[in-house]
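Annotation source Swiss-Prot lists disulfide bond at 42-161, citing similarity to another entry. Taken from Swiss-Prot, the feature N-linked glycosylation site covers 295, 319, 362, 401, and the record attributes it to sequence analysis. Look at Swiss-Prot and you will find 1-24 tagged as signal peptide, backed by sequence analysis.
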């Protein structure tokens, strides 16, 4: 069997094969030409007019240094502003990145989900994953940069400078993708979506980081926090200090996101994502309701209820149903429910793959009364573990050339992605009995047993979150 990293690239290249066939004898156009270096950029890189000075560096301040709290309102406004003057090319570039991150997201979600038990759930961010790997690409030189580009799904080996991925374009497009997700609700919308990303760069004392690299991260993570601390003497204490620091700065209850660090690490790269959505037209039901984890175990959780014209599809052949609920004018929540709870893994394997969005075209509008749990999902995963499972354990290992991050011989430890996903009603608590609105009879859809979810931004086609909900208030 081919290594998983290669199969991902092969799948993307198969999807793009039509581009080469259509081109015939014409001048070669890179399938992701909006994301690679232009000829003029290459001329500047290969023949600089003046000698390039070395990148300025700095030493991160100690972790105990007082830090300002994250202002999520300001982060929201910053993302909205980033989408106000988008040109057609910006949107096309975002769509290209959306295609790439979806492919990688499905691939790595499958890898990650194989480590979960049947009763466990989790939430996964393809955007955070792709952003993290792109950040390392920006900080890498060959051969590491070429290996990362191939893993990101962009062909380029042996094709010259104009086939090399421009990491800054990709990071800018990732900011566009995040902005499109939150901008659709508008400033006055009750059901406004919040999306905040914070990166912590934790280094051994005395290690110098290059300023251009750290500044480049601001595209997808407006707040980047470089901090130094002793990582070697007591790795467990170092992990506790990092968790406490991030909790105090963000106010997000991520749990024990980081459990330990490798004592020989000199750099940890941790990305923290907080999503908060409110379901327009939904209300919180009185009291707690039963959610069945399996056939014999239930937990009591808050439930939401709402009636509207939603898109729906029941696939009797594969024993699953899909309900699509708008979170904003351009963002959808997709809820995938197995007809039989024991089939959840089978439905998950069938649904979360590269033809997912094509299959979603089978949905059609109808009146639905939807009841589902309020969600507070937490998950943390180490990209180093995922890379090892994808047969690429050395990609960010000791031999990786990350000279654009630091001139020091970096030893990258854990590369953490942590997600806090919250979904609530936008209305007040509903009365015990809610009269059905006039119109066609509403189909009753109740999610009171394990199901899958996805959050899709329509303009870019990017899937921001994929998840399995087995315990609605705890998915660590």
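Placed from the backbone N, Cα and C atoms, the Cβ positions cover glycine too.
Using CA atoms as reference points, the glycosylation sites 295, 319, 362, 401 were checked against residue 42 (disulfide bond), and the closest is 401. In this structure, the CA atom of residue 401 (N-linked glycosylation site) is 48 Å away from the CA atom of residue 319 (N-linked glycosylation site). Residue 161 (disulfide bond) sits 42 Å from residue 362 (N-linked glycosylation site), taking the C-alpha atoms as the reference points. Put simply, residue 319 (N-linked glycosylation site) is 15 Å from residue 362 (N-linked glycosylation site) when counted between their Cα atoms. Within the same chain, residues at least six positions away from residue 295 (N-linked glycosylation site) with a Cβ under 8 Å of its Cβ are 341.
DSSP assigns residue 362 (N-linked glycosylation site) to a helix in the three-state reduction. Within the same chain, the residues at least 6 positions away from residue 319 (N-linked glycosylation site) whose Cβ sits under 8 Å from its Cβ are 338, 339, 340, 343, 347, listed in sequence order. Least crowded of the glycosylation sites (362, 401), judged by neighbouring Cβ atoms within 10 Å of its own Cβ: 362. For residue 161 (disulfide bond), the number of other Cβ atoms no farther than 10 Å from its own Cβ, over all displayed protein chains, is 15.
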